[in-house]
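Colleague: Checked TrEMBL, it gives:
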- 41-291: domain 'G-protein coupled receptors family 1 profile' (DOMAIN)
- 23-48: transmembrane segment (TRANSMEM)
- 60-82: transmembrane segment (TRANSMEM)
- 102-120: transmembrane segment (TRANSMEM)
- 141-161: transmembrane segment (TRANSMEM)
- 196-220: transmembrane segment (TRANSMEM)
- 241-264: transmembrane segment (TRANSMEM)
- 270-293: transmembrane segment (TRANSMEM)
């Protein structure tokens, strides 16, 4: 019996890095270390914010949501990436593939939404600092978090079901080390118009988040320029540096990949795969590092916890 309805393909094949198959075992070591550092870094961020009452503020609650999204991305892609590079095992069952692409897209959508809310948080903090705490109360932050989780899940929920209805005849080679909706969809030998349209809609939602983030920073810049003191302007902008870095780390690979697929006539498969892998590896790795370096409160609390552990 087939793995799913009307299917002739019993498994999909993932790929590692073309031309470097002989070095996959060695490549797996830095990849594993990146995953380990990313997971540990985000766990530390969550633990420090949870245990330090002074960090129980909206900005740090949103940072916790970002860390959860990063960990979700890491855990979603970790099994297949390590399986490929450690054991050279390329096969993945359709149901496992659909589950993986669902979680990858859910946490991608969630991270995009969290970055948008964080930009609005920065705008409120700079534009109306006196009412900031009364507007973003703890209860409202929880509601925002639940809405973001629901929105991300609802947006991506149709993906595995629409993919499951497609018929896959002969082609089963995917173009990444993990499953993505647009990648699996291209292998179908039946009509995938609904998948294409809905996938395009979901991508537009992510780009809408990015457009709203840019709009938020236009408003932030307008507010900052209205401040008379240069020192106060720099202080206000400095509170946004970590978030700007997180936005760039997340969106640059997405926009680069989209531009390559759209405009590059002779695109390098190796380049596409490396950028796609960076998209899942770099944000979870770099976000905790950026926030620890650029946010004094986080840095001091993390160093304090580490010193206490070492002293004991």
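Using N, Cα and C of the backbone, Cβ positions are placed for all residues, glycine too.
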Colleague: What same-chain residues lie close to the transmembrane segment (241-264): Cβ under 8 Å, and 6 or more beyond its ends?
Modeller: 66, 111-112, 115, 118-119, 122, 206, 210, 213, 217, 271-272, 275-276, 278-279, 282-283, 286-287, 290-291, 294-295
Colleague: Could you give the mean pLDDT over the domain 'G-protein coupled receptors family 1 profile' (41-291), rounded to a whole number?
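Modeller: A mean pLDDT of 89 is what the predicted model shows over the domain 'G-protein coupled receptors family 1 profile' (41-291).
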Colleague: If you count every Cβ pair below 8 Å, which range out of 23-48, 60-82, 141-161, 196-220, 270-293 shares the most with the transmembrane segment (102-120)?
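Modeller: Result: 60-82.
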Colleague: Would you mind listing the long-range same-chain contacts of the transmembrane segment (270-293), meaning Cβ under 8 Å and 6+ residues beyond its ends?
Modeller: 15, 17-19, 31, 34-35, 37-39, 41-42, 44-45, 63, 66-67, 70-71, 73-74, 76-77, 81, 104, 111, 175-178, 242, 245-246, 249-250, 253-254, 256-257, 260-261, 299, 302
